[in-house]
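J.: So Swiss-Prot says this about it:
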BINDING   141, 144, 154, 157  Zn(2+) binding site
BINDING   334  ATP binding site
MOTIF     10-20  motif ''HIGH' region'
MOTIF     331-335  motif ''KMSKS' region'
């Protein structure tokens with residue numbers, strides 16, 4: 001089976017926080033799992049860099065938008081690499097492949113008769129001599145009264161807005177009052193695909209219920225044509241006849257990045273023909289890891305665009321959406337510096353600590369909240385005391401009593417039964433991962449470690465070592481095999497720690513099933529060191545405040 005795994009493209013006007021990291025980590029865990037199972041996977045994402053927020057920021061800084069996004073793209077690429085995200089292609093919307101693909105794609109949709117032209121009234125700034133789309137306008141939200149709402153969305157109540165909805169609108173650049181002027185734009189005829197979308201959603205058993213319910217509700221209410229163009233300068237030029245000076249709306253071009261990123265991946269490999277093999281084959285499944293606020297773009301707009309192209313692109317197999325991640329019970333806020341940003345997290349602890357906790361508390365069915373108290377508890381109790389302690393006890397015993405050598409012995413009945421149960425837990429991990437129940441899969445991994453601790457305690461090899469060596473040898477061999485299997489599954493969630501454990505087991509390369517599940521392919525235990533350490537929340541909070549006061553990372557200097 002071929003798989004396309006994708007995470008939502010982060011908008012790179014700022015460093016992502018832990019809420020964004022949840023989706024990225026989730027997609028990475030799933031991609032790593034599929035590779036472990038021998039599936040053919042292309043894992044993609046990229047930097048979303050067009051649109052008004054970046055254009056406005058560049059104007060304020062007196063630099064070109066591309067100069068700003070070059071810097072941010074490089075920084076965010078480094079952050080994802082530092083977190084162990086195993087993208088096959090992390091690209092950007094400024095890539096030549098993406099820009100060419102988007103223009104060609106929309107020209108095909110236009111020629112198929114699914115895009116039309118309409119004259120509309122838009123806000124215009126006479127002083128700056130420009131139309132004011134999206135965030136080029138600020139004003140009072142008509143729903144909640146927030147006085148600094150943007151022309152595309154209110155940051156307080158979350159309602160999506162049009163610039164003309166705002167009360168007392170003002171130009172974001174110069175602060176002057178805009179006027180209404182007529183301008184021409186192009187629209188995607190989304191309502192035309194209502195029935196095809198309804199059928200696709202109703203018949204897709206792999207879409208989560210919350211995504212199905214929301215999407216079908218929107219279809220029932222009646223879909224509206226979607227604006228395709230903007231009067232921005234910073235974006236992909238619209239390809240339609242008479243559309244000179246217009247760009248493709250950032251949301252409507254970035255969503256096509258899932259397709260263009262796969263095309264770019266195979267072009268880089270010199271295998272251009274494989275792009276269609278992946279995207280236009282009935283044997284390919286595509287899965288998208290997103291937040292619940294992005295559901296409509298992935299269950300309605302993106303599938304409708306793929307249908308409209310007439311090119312036979314595979315529709316989304318599943319949309320793995322999550323609820324919101326909060327910080328100590330409240331929404332993340334850059335302006336109020338509430339939350340933890342990715343570069344700050346890396347300054348506090350190694351990436352695997354965050355990978356572990358973000359998946360452990362992944363908001364799969366309801367909103368979840370990061371709390372320092374729970375973070376401390378789960379890292380210390382589950383990661384350090386359960387997994388780390390198991391590894392230390394077994395390997396220390398092998399190093400001291402067996403000089404690092406793994407005994408070659410026939411396993412007794414109890415030890416064989418123990419490993420059978422370990423394999424059963426392994427299958428539970430795999431089943432949960434395939435169902436994208438990542439929290440349950442990680443909890444099963446912890447249960448495997450608990451079972452190992454119980455087995456080692458009950459067997460007491462330190463007593464048998466002198467009096468019943470055969471039983472002690474059987475205990476140690478079974479425990480060593482457990483650690484190999486544990487490392488194999490850990491590599492999906494915490495790759496750096498798993499590779500560290502694999503090396504301590506005296507094994508080469510990275511954890512693989514052929515060696516992990518073998519009773520004979522064993523190494524020599526050496527170079528022991530703690531796999532994890534305990535943390536103290538007070539120390540981490542103090543260190544975080546220090547990072548911000550000193551401006552040690554980019555996100556701290558942005559605020």
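Every residue, even glycine, has its Cβ placed from backbone N, Cα and C.
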J.: Work out how many Å separate residue 144 (Zn(2+) binding site) and residue 334 (ATP binding site) at their Cα atoms, rounded off.
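T.: Here the two Cα atoms are 20 Å apart.
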J.: Which residue counts does DSSP yield for the motif ''HIGH' region' (10-20) in the helix, strand and coil classes, in that order?
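T.: Breakdown, helix to coil: 3 helix, 2 strand, 6 coil.
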J.: By DSSP, what is the split of the motif ''KMSKS' region' (331-335) into helix, strand and coil residues?
T.: 0 helix, 1 strand, 4 coil
J.: Whose Cβ, among the binding-site residues 154, 157, has more other Cβ atoms within 10 Å than any of the rest?
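T.: By the 10 Å Cβ neighbour count, 154 comes out on top.
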J.: Restricting to the same chain and to sequence separations of six or more, state which residues have a Cβ under 8 Å from that of residue 141 (Zn(2+) binding site).
T.: 147, 149, 154, 156, 157, 159, 161, 166, 167
J.: Which entry in the list of binding-site residues, 144, 334, has its Cβ near the fewest other Cβ atoms, using 10 Å as the limit?
T.: 144
